[in-house]
Amino acid sequence: MAGIAAKLAKDREAAEGLGSHERAVKYLNQDYAALRDECLEAGALFQDPSFPALPSSLGFKELGPYSSKTRGIEWKRPTEICDNPQFITGGATRTDICQGALGDCWLLAAIASLTLNEEILARVVPLDQSFQENYAGIFHFQFWQYGEWVEVVVDDRLPTKDGELLFVHSAEGSEFWSALLEKAYAKINGCYEALSGGATTEGFEDFTGGIAEWYELRKAPPNLFRIIQKALQKGSLLGCSIDITSAADSEAITFQKLVKGHAYSVTGAEEVESRGSLQKLIRIRNPWGEVEWTGQWNDNCPNWNTVDPEVRETLTRQHEDGEFWMSFNDFLRHYSRLEICNLTPDTLTSDSYKKWKLTKMDGNWRRGSTAGGCRNYPNTFWMNPQYLIKLEEEDEDQEDGESGCTFLVGLIQKHRRRQRKMGEDMHTIGFGIYEVPEELTGQTNIHLSKKFFLTTRARERSDTFINLREVLNRFKLPPGEYIVVPSTFEPNKDGDFCIRVFSEKKADYQVVDDEIEANIDEIDISEDDIDDGFRRLFAQLAGEDAEISAFELQTILRRVLAKRQDIKSDGFSIETCKIMVDMLDSDGSGKLGLKEFYILWTKIQKYQKIYREIDVDRSGTMNSYEMRKALEEAGFKMPCQLHQVIVARFADDDLIIDFDNFVRCLIRLETLFRIFKQLDPENTGMIQLDLISWLSFSVL
């Protein structure tokens with residue numbers, strides 16, 4: 001219940017703009033300005049109680065409290081490390097980012113790329129911070145986290161060993177923005193050790209809010225040059241690098257003056273006519289301008305003399321230091337990897353860019369209800385969340401003569417780094433894309449069934465299921481309606497996720513799910529219509545007062561179920577029996593008369609029949625995945641969110657729902673639907689309750 005209330009509150013806040021860059025969510029409700037002012041007024045330096053200068057903030061295993069790697073560590077403020085500490089001096093440069101004793105080179109590569117764009121850097125690292133003016137030992141940074149911007153506050157106590165920073169540091173040792181940025185990122189992920197191992201694209205996304213894709217250039221798709229051109233037109237950040245094979249290879253310079261393991265940026269892609277044929281050229285920037293390419297199409301290459309002078313002048317006059325052209329074929333031959341971070345429309349302030357259209361959907365997998373696993377598990381795969389995407393407009397320019405709608409799909413699992421301290425790690429995740437059959441187009445209130453997936457192949461799917469934070473692929477499909485089904489590889493893995501779709505043209509989306517529906521059988525009977533046999537049975541069971549209490553009902557039903565071999569049951573709990581009596585006790589006596597007992601008896605017989613039919617393995621019990629079908633047979637259709645609540649409430653640790661809990665669930669549902677209908681005679685779908693009414697119904 002608390003989780004549902006929190007989600008509703010969060011959705012309302014998001015609708016009001018909370019989570020945008022301008023109104024970032026305050027992580028752990030820490031307000032930077034208020035905390036800084038408190039410290040300044042008190043004349044004290046900030047000490048962060050939520051990320052203390054203790055071993056728990058370092059790690060849990062390799063950097064755990066008893067690890068040899070953490071012995072002798074002291075937490076010091078920059079003012080204790082050097083004489084004249086600076087937050088940032090002369091802009092952000094590569095020399096500000098030197099790796100320490102932590103395997104987070106993926107993060108540092110992303111930070112290095114961040115330094116190439118001052119506007120985006122300023123969003124993540126507010127530059128109006130210093131160790132002089134209004135210094136209170138507190139700093140703040142902003143990160144994108146699964147669809148919202150989050151402001152993270154840290155104190156400036158940093159882990160040191162032998163007087164030197166243990167982790168990220170500047171080459172000069174006096175600039176601290178990168179070390180404090182790393183600390184803030186460690187805080188939001190639980191500890192420093194949680195940052196060990198990752199993909200640069202993860203850092204790209206958390207610093208920009210974009211969606212990052214990468215290409216192994218030895219397996220480059222045939223249209224990669226056009227992909228690069230379009231990405232540049234959309235203001236995307238593009239980086240490339242040459243793989244290293246050993247630590248000694250790092251920063252090694254090739255004979256044509258390219259640096260291995262070095263982060264380059266791609267800044268241009270043009271086709272020029274040379275010697276009667278078109279040449280594809282790529283412009284690359286070495287952000288630190290130390291060495292430049294000496295191969296074909298370098299600044300002094302005679303190839304430029306074969307190009308129209310006006311074109312040559314246009315392409316070469318805007319050169320920055322460290323920027324050079326090379327042929328696309330040489331690019332594919334010499335570089336190993338290309339990363340493209342496609343930025344969201346709100347990140348791009350210039351109107352000159354052709355902006356992507358962004359769609360984001362949140363969801364979760366819950367053990368026993370919506371965590372169905374991949375297609376290898378056909379009995380449960382259909383239980384996964386399902387999302388509809390409508391592609392309506394084809395791309396403006398159709399490359400390679402292929403028409404269709406280009407879009408990227410990224411599936412991100414949330415908060416998994418933070419859970420490493422609890423022994424958890426990344427799930428293996430992926431997704432499939434299915435074309436909606438013609439007879440179902442235009443409908444959004446149907447959760448596609450097991451039969452559909454048994455008889456329908458995926459139109460597209462993620463390249464692989466992988467245990468990274470995100471799996472992402474680029475697709476091109478004809479206009480139409482498609483269902484995206486995200487899943488973990490194995491079923492019953494709890495997790496939260498978000499799906500983002502970047503499309504060249506606007507794409508509509510929505511969750512595909514069953515609408516709430518209740519078709520409750522009305523048993524309309526008078527006492528005169530009840531047969532004599534049932535009357536005699538009731539007289540024997542009810543005793544002298546001719547009524548049956550909840551306690552008497554429990555005894556009766558235990559005897560009945562004890563005779564059945566096809567349903568495993570220890571009888572009904574007194575709670576279930578009280579719920580049954582409450583639903584049918586029209587006169588408020590707390591007991592059931594003849595007619596009321598007849599109606600209950602009829603319902604229980606119906607529930608027994610459903611329970612037996614759904615129990616296909618004849619185990620005498622029902623697993624939680626069978627519950628959805630059982631509820632439909634009983635007349636109830638509900639969305640995934642309610643199925644998650646039902647499984648959490650009525651299934652045991654082994655995801656078994658026994659007959660007692662099955663009946664209790666159905667009785668409670670029927671009671672709640674009847675109450676709602678009584679209070680909403682006009683079928684508006686809304687009711688108003690005062691506090692006492694809400695509490696009265698809630699304790700049912």
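Heads up, the Cβ atoms here are built off N, Cα and C, so glycines get one too.
Source: prediction; values computed, not measured.
For GLY91, ASP96, GLU175, the entry in Swiss-Prot reads Ca(2+) 3 binding site, with the evidence type similarity to another entry. The C-beta environment of GLY91 (Ca(2+) 3 binding site), restricted to residues of the same chain at least 6 apart in sequence and closer than 8 Å, consists of THR115, GLU118. In the three-state DSSP scheme, GLY91 (Ca(2+) 3 binding site) falls into the coil class.
Annotated Ca(2+) 2 binding site per Swiss-Prot: GLN229, LYS230, in sequence order. According to its DSSP assignment, GLN229 (Ca(2+) 2 binding site) is helical.
Mapped onto three states, the DSSP output places ASP299 (Ca(2+) 4 binding site) in coil. Residue density at ASP299 (Ca(2+) 4 binding site): 13 other Cβ atoms are found within 10 A of its Cβ, drawing on all protein chains shown. Taken from Swiss-Prot, the feature Ca(2+) 4 binding site applies to GLU292, ASP299, GLU323, supported by similarity to another entry.
Other C-beta atoms found within 10 angstroms of the C-beta of GLU552 (Ca(2+) 5 binding site) number 18, with every protein chain shown included. Positions annotated as Ca(2+) 5 binding site by Swiss-Prot, on the basis of similarity to another entry: ALA542, ASP545, GLU547, GLU552.
As annotated by Swiss-Prot, Ca(2+) 6 binding site applies to ASP585, ASP587, SER589, LYS591, GLU596, with the evidence given as sequence analysis. Sequence-distant neighbours of LYS591 (Ca(2+) 6 binding site) (same chain, 6+ residues apart, CB-CB distance under 8 A): ASP545, GLU547, ILE548, SER549, VAL581, ASP585.
Residues or ranges marked as Ca(2+) 7 binding site by Swiss-Prot: ASP615, ASP617, SER619, THR621, GLU626. Shown in sequence order, the list is empty: the chain has no residue 6+ apart in sequence with a C-beta less than 8 angstroms from the C-beta of ASP617 (Ca(2+) 7 binding site). Secondary structure at ASP617 (Ca(2+) 7 binding site), taken from DSSP and collapsed to helix, strand or coil, is coil.
Cβ-based neighbour count (10 Å, all protein chains) for ASP658 (Ca(2+) 1 binding site) stands at 20. As annotated by Swiss-Prot, Ca(2+) 1 binding site applies to ASP658, ASN661, with the evidence given as similarity to another entry.
What Swiss-Prot lists as domain 'Calpain catalytic' is 45-344.
Sequence annotations record features per position, and here Swiss-Prot assigns domain 'EF-hand 1' to 572-597 based on sequence analysis. Here the domain 'EF-hand 1' (572-597) has long-range neighbours at 525-527, 530, 535, 538, 541-542, 545-551, 553-554, 557-558, 561, 660-661, 663-664, 667-668, 670-671, 674, 700, meaning same-chain residues at least 6 beyond its ends whose C-beta is under 8 angstroms from one of its own.
Residues or ranges marked as domain 'EF-hand 2' by Swiss-Prot: 602-637.
Per Swiss-Prot, domain 'EF-hand 3' is recorded for 652-672, and the stated evidence type is sequence analysis. DSSP places the residues of the domain 'EF-hand 3' (652-672) in helix, strand and coil in these numbers: 14 helix, 2 strand, 5 coil.
As annotated by Swiss-Prot, N-acetylalanine applies to ALA2, with the evidence given as similarity to another entry.
Mean model confidence of the region 'Domain III' (345-514) amounts to 89 (pLDDT, 0 to 100 scale). If you look up Swiss-Prot, you'll see 345-514 marked as region 'Domain III'.
Only residues 6 or more beyond the boundaries of the region 'Linker' (515-529), in the same chain, are considered here, and those with a CB under 8 A from a CB of the stretch are 445, 594-595, 598-599, 602-603, 606, 635-639, 642, 669-670, 673-674. The feature region 'Linker' is assigned by Swiss-Prot to 515-529.
For 530-700, the entry in Swiss-Prot reads region 'Domain IV', with the evidence type similarity to another entry.
Over all protein chains present, the Cβ of GLU596 (Ca(2+) 6 binding site) has 20 other Cβ atoms lying within 10 Å. Under 8 Å, Cβ to Cβ, and six or more positions away along its own chain, GLU292 (Ca(2+) 4 binding site) finds LYS257, ASN286, ASN298, ASP299, GLY322, GLU323, PHE324. In sequence order, GLY593 are the residues of the chain that are 6 or more apart from ASP587 (Ca(2+) 6 binding site) and have a CB within less than 8 Å of its CB. Long-range contacts of the domain 'EF-hand 2' (602-637) within the same chain, counting only residues at least 6 positions beyond its ends with a Cβ under 8 Å from a Cβ of the stretch, are 368-369, 372, 379-380, 383, 514-521, 523, 557, 564-568, 643, 646-647, 650-651, 655-659, 662-663, 665-667, 669.
Taking the binding-site residues GLN229, SER589 in turn, the residue surrounded by the fewest other Cβ atoms inside 10 Å of its Cβ turns out to be SER589. Ranking the binding-site residues SER619, THR621, ASN661 by how many other Cβ atoms lie within 10 angstroms of each Cβ puts SER619 at the bottom. Spacing of ASP615 (Ca(2+) 7 binding site) relative to ASP658 (Ca(2+) 1 binding site) is 11 Å (Cα to Cα, whole number).
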